[in-house]
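Asks: Take this structure, written in structure tokens, and hold onto it; I'll ask about it next.
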Amino acid sequence: MAAPPAPSAVPIQLGMIGFGVLGRELAAIFGPDTALWRVLTRTGSFGQVPRHVNAVANIEALIAARPAAVIEAAGQTAVEAYVPRLVAAGIPVIIASTGALANPAVAARIEAAHRQSRTPYLTAPGAIGGLDYVASVAGLPDARLRYISRKPPAAWAEELAARGLSADREAVDLFEGTAEAATLLYPRNLNAALTLALACRPAPLSVRIIADPAVTGNVHEIEVESVAGRAQFRFANVPSPDNPKTSRVTALSLAAALRGLLAGSLR
Ligand SMILES: NC(=O)C1=CN([C@@H]2O[C@H](COP(=O)(O)OP(=O)(O)OC[C@H]3O[C@@H](n4cnc5c(N)ncnc54)[C@H](O)[C@@H]3O)[C@@H](O)[C@H]2O)C=CC1
Ligand SMILES: O=C([O-])CC(=O)C(=O)O
């Protein structure tokens, strides 16, 4: 077997879209000895940032910088606006806002760019895991899955207020249906549902979403049944202190995906 490539002796140039909770955590994981980050935000600039993070004014500037890879950590609209262009330009992308792929037109544009440029785009497992098992049994004729998302009311503050609801004392059922509908309805809370849907196609997946005052973290439950057996996964994630919708493990998952993509060239 060939030896893995040696880590780069100089910081590697990386790109990011968005610089919120996930962006800041990634910049902390891959610090100045490892990475030089070029970051595209909505405003084209941001406040106090570490010295290895530089804003770019627009997508053209990000492409011109030729980063080794770009992490999308912004939101579903950013996937639609930028990922096809980056992939078409030969720049690999890791997508956090996987829910964007629930829109078949967006998924088709990214796939077309990939076929034309032969450049990879990946979805990281993000807030959940167990996707290897799910993918293994998904093709069995009787396979079926159930996903339940339970987050504390703080993760649902705006959505509950918009519907005049409170989950401070009792759990509120917010949705039951498909992953595609769930992630388009709640784009900042249900990317995990679509990540699971991508792994389990063509097996049917039902999704339930609960704002639950009884949980302290972001709890993701996955149940799988097939002729191969039954499996249950439960992820009780610590929410980010700065964004209770986002689990802290998500940045770690994106970092692991980036290490895998760049196959040993990151320290
Ligand atoms: N796959 C998964 O399991 C998870 C996915 N996510 C996704 O990651 C996204 C980012 O999460 P956080 O960092 O916690 O959010 P955040 O709200 O802390 O930060 C988002 C950042 O992206 C910027 N932004 C938003 N839209 C943009 C656009 N169109 N162009 C450029 N910049 C844009 C915002 O200004 C902000 O700086 C979430 O919106 C969600 O879609 C989040 C958690 C888990
Ligand atoms: O971080 C989480 O727990 C999941 C999340 O926000 C998402 O799926 O969009």
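From the backbone N, Cα and C atoms, a Cβ is placed for every residue, glycine too.
Found this in TrEMBL, in case it helps:
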ACT_SITE  His220  active site
BINDING   Ala127, Asn191  NAD(+) binding site
DOMAIN    53-119  domain 'Aspartate/homoserine dehydrogenase NAD-binding'
DOMAIN    170-254  domain 'Aspartate dehydrogenase'
Asks: When a 10 Å sphere is centred on the Cβ of Ala127 (NAD(+) binding site), how many other Cβ atoms does it contain?
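Replies: By my count, 23.
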Asks: How many neighbouring Cβ atoms, not counting its own, are there within 10 Å of the Cβ of His220 (active site)?
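Replies: That number is 24.
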Asks: What whole-number Å value do you get for the CA-CA distance of Ala127 (NAD(+) binding site) and His220 (active site)?
Replies: 8
Asks: What is the separation, in Å, between the Cα atoms of the residue listed as 'active site' and Asn191 (NAD(+) binding site)?
Replies: 12
Asks: Mind tallying the domain 'Aspartate/homoserine dehydrogenase NAD-binding' (53-119) by DSSP state, helix then strand then coil?
Replies: 38 helix, 10 strand, 19 coil
Asks: Within the domain 'Aspartate dehydrogenase' (170-254), count helix residues (DSSP H, G, I), strand residues (E, B) and coil residues, in that order.
Replies: 23 helix, 38 strand, 24 coil
Asks: Can you check which residues sit near Asn191 (NAD(+) binding site), meaning Cβ under 8 Å from its Cβ, same chain, 6 or more apart in sequence, and list them in order?
Replies: Gln76, Ala96, Ser97, Thr98, Gly99, Gly126, Ala127, Thr183
Asks: From the recorded positions listed here (Ala127, Asn191, His220), select those whose CB sits under 6 A from an atom of ligand 1.
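Replies: Ala127, Asn191, in sequence order.
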